[in-house]
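The annotation domain 'Major facilitator superfamily (MFS) profile' is assigned in TrEMBL to 68-256. Residues or ranges marked as transmembrane segment in TrEMBL: 12-37, 69-90, 102-123, 135-154, 160-185, 197-219, 225-246.
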Amino acid sequence: MLGPVLGAALYALLPLPAILLSDLAGALAASVSMAIIKIPELKREGHRTPDFMKEMKEGFAIFLRDQKLLIVTLAAAIAMIFYMPLSSFFPLMTSSYFHGSAWQAGIVQFGYAGGMMICSLVMGTYATIKNKLSAVHLGLLGLGLTAFFCGILPQNNTAFWIYAVLCMLMGASGNLYNIPYVAYIQETIPKEAHGRAFSVMSSLMSATMPLGLVIAGPMAEMSGVASWFFITGVAFFIITIASFLLTKYTDNVAYK
């Protein structure tokens, strides 16, 4: 989300060859960061020929063994079908609904990215989350509420600034959902199975973007971009409440 804002700023300040070199600078920074970090190597149990289908089945089996993780993952995947198209709709909401300019669209994108970074810093510095799945549900609920309120805003300049603030809160809610979710996987799944688990998770989430756009595109064309924000908010509320109740039910059954 920060990329378009930085790209526009660099384009205004630097010639194109210098902008292209920024990609190299980023790659070098990433390489140096990885070079100074010691990554432990996991011991492999004998030589094993890579088998994509077998490893994917093993990845799904990991989620099936933890019913609460399975419920939350499926709920998040369904919710992301509604949420992922919003990344394409942010600038459209600014231009077509609020009749804003390019710099206003940049403010919205920057605010979203800023919300993500602030949430990450606060959680990394101060927060110790004991019940991670409750935090995941709180993050999903935050995404739903911010999307819902974006969808019911009036078309005026004051409402645009409220929209920009809501997008910042949406970015923060996204990390409030994502960080505890990843931490839960890392804590509950053996290290040697992390790769398979994250492969399944990323595959599910990657599939939501094209599927969501297939549904959201015609809907936004017929009833306006704001309507999809509203629909996303309602869908998130229903999905989050259902997931929360199911995980609580699973806890109660396991306790008995």
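Residue 1 is the first one shown; counting continues down the chain.
Using the three backbone atoms N, Cα and C, a Cβ is placed for every residue, glycine included.
Predicted automatically and left uncurated, TrEMBL annotations should be read as such.
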Among 12-37, 102-123, 135-154, 197-219, the most Cβ pairs under 8 Å with the transmembrane segment (225-246) come from 135-154
Do the transmembrane segment (135-154) and the transmembrane segment (69-90) come together with 3 or more C-beta pairs under 8 Å, pairs six or more apart in sequence?
yes
How about the transmembrane segment (160-185) and the transmembrane segment (69-90): at least 3 CB pairs under 8 Å, pairs 6 or more apart in sequence, or not?
yes
Arithmetic mean of per-residue pLDDT over the domain 'Major facilitator superfamily (MFS) profile' (68-256)
88
